[in-house]
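A short worksheet on the structure shown next.
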Amino acid sequence: MNPYILMTLAFGLGLGTLITLTSSHWLLAWMGLEMNTLAIIPLLAQHHHPRATEATTKYFLTQATAAAMLLFASTTNAWLSGQWEIQQMTHPLPTTIITLALALKIGLAPLHAWLPEVLQGLDLTAGLILSTWQKIAPFALLLQINAPTPLMLISLSLLSILVGGWGGLNQNQLRKILAYSSIAHLGWMVLVLQFSPSLTLLTLSLYIIMTSSLFLSFKTNKTTTINSLATSWAKTPTLTLLIPPILLSLGGLPPLTGFMPKWLILQELTKQDLALAATVAALSALLSLYFYLRLCYAMTLTMSPNTIINTMPWRLPSTQLSLPLSITASLTICLLPLTPTILTMTTL
């Protein structure tokens, strides 16, 4: 892609998110989301492959549906209450529709079916943008509106954690596994959204860091399936040593960074007398942990098929910058001891 076009699209992507983040009016927020969607469409479809085109079309239709729902609900709210302000959502009907529209935008269960299919058709760079940057603007809106009933968000989030763990168990494609991982993590964020918004922001930030490090690792290895992970020890032995801690951090095992948000969320739910929800979430996280362990096993304890007809990839030196990967991987593994400092900064 022409670098000038790429720069223009990246600027549009950033500007759309920034408009949504800074707006207090529903029409401006909707405009920012639309700019964001229109800027990412050419980035998703830049590789003229039928799978990429199909994934882009699915993504566009999903986002257009969610944007239409959001516009309809905000107009209904203005009709019922005379308010266009984001924080003045008083009527339960438009608030429920907007919550569901934003859930569709980010891929929260049961409105998640598009996310694994879209992510599977994209390359790893586009998948990284879709899994991280595209979650920021909808979450900024979710943080500003009050859900009509606490039970609604708790039900959506627990279902997402279950679906995210259950759906990734039998997958061989890494991008689909990462999509279900994303659905499960979104469930954890939304679970604590109405009780502690600062904790949701912390979880979103750590999710973006951990997912970025994993996507960049797979991009360096040029791996998209579990079978191709088995060749990584010969290509990049240092990275093979680094990826299992990143995976276990995503699974939420101590003493890694990913344990921090799960620990704090379970603590907050217990304070709110939601012990049952905390128990279901903690047990459902074991499902996700299983497929992360499966990836670790495939990478470190198996060898690639050695048949004559098997074609081995060329082991060319990577042209990818190693600095972003080294920074995100370090943060993914080493942030847990800084939990008190991070908590102090988020509660200021």
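A Cβ is built for glycine as well, from the same backbone N, Cα and C atoms used for every other residue.
In TrEMBL, annotation is done automatically, which means it is predicted and not curated.
Quick look at what TrEMBL lists:
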- 23-287: domain 'NADH:quinone oxidoreductase/Mrp antiporter transmembrane' (DOMAIN)
- 289-343: domain 'NADH dehydrogenase subunit 2 C-terminal' (DOMAIN)
- 60-80: transmembrane segment (TRANSMEM)
- 92-115: transmembrane segment (TRANSMEM)
- 151-170: transmembrane segment (TRANSMEM)
- 177-195: transmembrane segment (TRANSMEM)
- 201-218: transmembrane segment (TRANSMEM)
- 239-259: transmembrane segment (TRANSMEM)
- 274-293: transmembrane segment (TRANSMEM)
- 321-343: transmembrane segment (TRANSMEM)
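Counting same-chain residues at least six beyond the ends of the transmembrane segment (201-218), those with a Cβ under 8 angstroms from any Cβ of the stretch are 124-125, 127-128, 131-132, 135-136, 139, 143, 174, 178, 181-182, 185, 188-189, 192, 224, 239, 242-243, 246-247, 249-250, 257-258, 260-261, 264-265, 320, 324-325, 328-329, 331-332, 335, 342, 346. The transmembrane segment (239-259) shares more Cβ pairs under 8 Å with 321-343 than with any other stretch in the list 92-115, 151-170, 177-195, 274-293, 321-343. Taking every listed stretch (92-115, 177-195, 321-343) in turn, the largest tally of C-beta pairs under 8 A with the transmembrane segment (274-293) is reached by 177-195.
A mean pLDDT of 81 is what the model gives for the domain 'NADH dehydrogenase subunit 2 C-terminal' (289-343).
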